[in-house]
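*Asks:* Just dropping this structure here.
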Amino acid sequence: MKRVQSGENKLRPTPTDADRGAIFDESAKKDDEVFRMAVADLNLNNEILETEKITVSVEFVDGNNPFQAVQEACELMNRGILALVSSISCMSAGSLQSLADAMHIPHLFIQRAPAGTPRSSCPPTSRAQPDDYTLFVRPPVYLNDVIFQVVMEYTWQKFIIFYDTDYDIRGIENFLDQTSQQGMDVSLQKVESNINMMITGMFRTMRVEELHRYRDTLRRAVLFMSPATAKAFITEVVETNLVAFDCHWIIINEEISDMDVQELVMKSIGRLTLVRQTFPFPQNTSQRCVRNNHRINTSLCDPKDPKAQMLEITNRYIYDTVLLLANTFHRKLEDRKWHSMASLSCIRKGSKPWQGGKSMLDTVKKGGVSGLTSLLEFNDNGSNPNIYFEILGTNYGEDRGRGVSRLATWDPIHGLNGTLTDRKLENNMRGVVLRVVTVLEEPFVMVSENVLGKPKKYQGFSIDVLDALANYLGFKYEIYVAPDHKYGSQQADGTWNGLIGELVFKRADVGLSALTITPERESVVDFTTRYMDYSVGVLLRKAERTVDMFACLAPFDLSLWACIAGTVLLVGTLVYLLNWLNPPRLPMGSVSSTTLYNSMWFVYGSFVQQGGEVPYTTLATRMMMGVWWLFALIVISSYTANLAAFLTISRIENSIQSLQDLAKQTDLPYGTVLDSAVYDQVRSKSMNPFERDPMYSQMWRMINRTGGAENNVEESKEGIRKVKYGRFAFVWDAAVLEYVAINDEDCSLYTVSNNVADRGYGIAMQHGSPYRDIFSQRILELQQNGDMDILKLKWWPRDSPCDLYSPVGTRKSGSALDIHSFAGVFFVLAAGVVLSCLIATVETWWTRRKGSRVPSKEDDKEIDLEHLHHRVNSLCTEDESPHKQFSTSSIDLTPLDMDSLPAARQALEQISDFRNTHITTTTFIPEQIQTLSRSLSAKAAAGFAFGAVQDHRTGGPFRQRAPNGGFFRSPVKTMSSIPYQPTPAPNFSYGNDPDRGTSI
């Protein structure tokens, strides 16, 4: 450092001359100017100094070189001085303090902070003693107490402290201890001299997430730095969008001038609070430059004077120090206790201190003056207790030319005088008109009314949320659509387009739509808290419902149906074989037989639970049929149960049910909106090595095919249209796709979504908007009281007629079945009717053809039962008739008789029970049975023994029951009596078995 020496009126100290030595920092040129101005004013004041004059000796030293300061002080003492005045830093002040104590020279120390930074308390050189010769003109450092009181009033819990390179961080140790005890989260950061390089380095080294957290930290900050550094720092962070309009910064420094306040307010945004030292002025303007018996220079005491406005605090204290020493010198002369000053040598060994130093020190302590610093006086510790701080502040807002007002004051005795609140915005925003930019996206924002010549009206879920906020906060808004109809993405030159670009370029205050919160977007705009969760979904077209004519056959597989049909044939054949090996005994007159055809028909009838006509009496056949009926019961029951499930539940086969299914297949093309948030998310999760996901990697290969132009669209409406009318899957916001599927007229769309909500929809604002926090708070209130859920149900109802998640066009369970479900049943019925008609036609044709080739038999004829009764009665009542010779006892004809007549076996038609006679008459219809009739007549005539039975014959006509309703069908044309002729009696082993014969 260059050493500068100045001054140097070297008058010999006489009773009428007072020499004062001064040591200033070499950067404090203004201190020297004010020092000499004060001496000149006092030398012109005859009331204080009548004939005395003040002489000065000033030396400039390097404030960081204590050895130089001591050397210059010794030279001043050598010349003879009454007091030593120093305006220097703490490093050199300690050496001067030791020298003054040794030489008994009163030392008035004015602490000077380097480069205008806030002061830190000087470390004590020794234990404080009452006879210390150093007096501290500037009051102790109270910055820790003031800033702690301000932070507590603002109720800050988290903030960051910035300090410049010249500030001694040890000065806020007590403040950090107090905040730690209060549980506050406080960060520290040093501001380098090259601020631009520091900010650029942060952008280069920090990731987006870290930069976002850092920006949130900057919303509350305390600056311990010089006004010049604070101006440069605020300018840099504002230009780089590191701070927002909702930030609140506190700048604390005793050395803040009015001009500095205006410049800081102009450069800052958000809210600014300034804490500086102030000096009370008399309310009467005429008394501002008059202090007791001394008139201060007008250029120093008039607040409107430019020179007075540029005064530093050390300048003020230097002026008052000179005034105090002049009054002390005057009192010493009046007390006539003047001690002549001898030349002092601090270099020579054994040098004695000044004998009048103690008296001079006491006189200075007892004195006090009113000057530019209001009142300058000292307490017993040698410090000045009089200090006042004022707290200035601005309101939140975007207007950089906003006014500054005094919020409170502070002093060591009374503490804080005033109220400080950090209320950013009131709930009442009436009168505020916000300009809202949007992008049309169903159901978030839609045009509800578009009348020519009138502003468009909008509706949607996001509009409902905005209206809820507007009704509560009281603001109004104007809405318009982004010119390019895009949400916004960063371009190659670093700028943003779309909705985000409107906010970045400050053409809109609020951005509202189906806008997702992403780190890239949050780096340039601010978002409120999410008002709805977001997840990626896929919109697909449901499979076409094909008309299955044979849906009734669906419960069983084709192979099972084939097995059942084969089983029917097999069991029918087995039943026939079992009856053929062991023929059953059939009742006489039965028309049933155990042919293969009848066996098959019986097995089929029992399978469909319709019964059969052939009675099987053998044990083997009954065992077979029992097992078959059990088999049929199980099969039919299983078919019935499974048929109900098939007709009410649609099975989903080969359908996409998740994002994983979509990513694994390549047959169905899919894509999203180009350069959208979904597009960026898929790309990030497929290419970022820290969050790479195999599923998203597969999706990215499909989406990015041919550079993304093949499968991606420009707008979401285009993607939805491709899904509905083409073969395509659209990847987009799940909420938007669900709304589209719900409101589809044909219910032909369904959605597949990822249930993990890793993002959300938010309201975007300009970076640093003062409305962000109050919007977020109100959104949380809407979510907490359930109003947000009510708004959601308006656009995503739970009772939708369409099934959002079924890949086929099915209705909800419980609805009526349509004709498609039973078309196969009607088809089978129609086929059976057609086949029956065809068979009937063939049979008719065959019968007629056979009748033309064979002599015709007598046609069947319906016979009146009364006529039959008359003829039978006549047979029984004629006296000469051979029939009278046998009794009414039963005549048994065994099956052997029947078997001997082939035509008779096939011609039994009906058995009639004649009441009151117990006679059963069997009518043999074909003409071939006449042989048997003649045989019976011969037996009756010969008195064939039929067994002893009681005669139940009565004389009246016979009565009968006609099971067919009253008519017998018979091939005979006329009814004749049956002549019974005697025949040889065969040997029947079972002739009396009532089950094996026919009784007459």
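Placed from the backbone N, Cα and C atoms, the Cβ positions cover glycine too.
TrEMBL: automatically predicted annotations, no manual curation.
The L-glutamate binding site annotation in TrEMBL covers THR516, ARG521, ASP733. According to TrEMBL, the disulfide bond annotation covers CYS74-CYS346, CYS747-CYS802. Annotation source TrEMBL lists region 'Disordered' at 1-21, 980-1000. Annotated site 'Crucial to convey clamshell closure to channel opening' per TrEMBL: ILE656, in sequence order. Here TrEMBL flags ARG683 as site 'Interaction with the cone snail toxin Con-ikot-ikot'. The feature transmembrane segment is assigned by TrEMBL to 558-578, 627-649, 821-846.
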*Asks:* Any residues 6+ beyond the ends of the transmembrane segment (558-578) with a Cβ under 8 Å from its own?
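*Replies:* Sequence-remote neighbours of the transmembrane segment (558-578) are 594-596, 599-600, 602-604, 607, 616, 618, 620-621, 624-625, 628, 631, 635.
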*Asks:* Could you state the whole-number distance in Å separating the C-alpha atoms of ASP733 (L-glutamate binding site) and CYS346 (disulfide bond)?
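*Replies:* Cα-Cα, rounded: 86 Å.
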*Asks:* Have a look at the recorded positions ARG521, ARG683, CYS747, CYS802 and say which one has the shortest Cα distance to CYS74 (disulfide bond).
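*Replies:* Smallest Cα separation from CYS74 (disulfide bond) among ARG521, ARG683, CYS747, CYS802: ARG521.
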*Asks:* Sequence gap of 6 or more, Cβ distance under 8 Å: name the residues on the same chain that satisfy this around CYS346 (disulfide bond), in order along the sequence.
*Replies:* ALA73, CYS74, MET77, ASN78, LEU99, ALA102, MET103
*Asks:* Please list, in sequence order, every residue of the chain apart from THR516, ARG521, ASP733 whose Cβ lies within 8 Å of the Cβ centroid of the L-glutamate site.
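*Replies:* Surrounding the site, in chain order, are TYR487, ALA514, LEU515, ILE517, THR518, TYR534, SER676, ALA677, VAL678, ARG759, TYR761.
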*Asks:* CYS802 (disulfide bond) to ILE656 (site 'Crucial to convey clamshell closure to channel opening'): how many Å between their Cα atoms?
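*Replies:* Pair distance, Cα basis, whole Å: 18 Å.
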*Asks:* What's the CA to CA span in angstrom from ARG683 (site 'Interaction with the cone snail toxin Con-ikot-ikot') over to ARG521 (L-glutamate binding site)?
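*Replies:* A Cα-Cα distance of 16 Å.
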*Asks:* Please give the greatest C-alpha separation between any two of the L-glutamate-binding residues THR516, ARG521, ASP733, in angstrom, as a whole number.
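*Replies:* Taking every pair of listed residues, the largest Cα separation comes to 17 Å.
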*Asks:* Hey, how far is ILE656 (site 'Crucial to convey clamshell closure to channel opening') from ARG521 (L-glutamate binding site), Cα to Cα, in Å?
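*Replies:* Pair distance, Cα basis, whole Å: 32 Å.
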*Asks:* Taking CYS74, ILE656, CYS747, CYS802 as the recorded positions to compare, which has the smallest set of other Cβ atoms within 10 Å?
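*Replies:* Sparsest of the recorded positions CYS74, ILE656, CYS747, CYS802 by Cβ contacts within 10 Å: CYS74.
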*Asks:* Using other CB atoms within 10 angstroms as the count, which residue among the recorded positions ARG521, ARG683 scores least?
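*Replies:* Per-residue Cβ counts within 10 Å for the recorded positions ARG521, ARG683 bottom out at ARG683.
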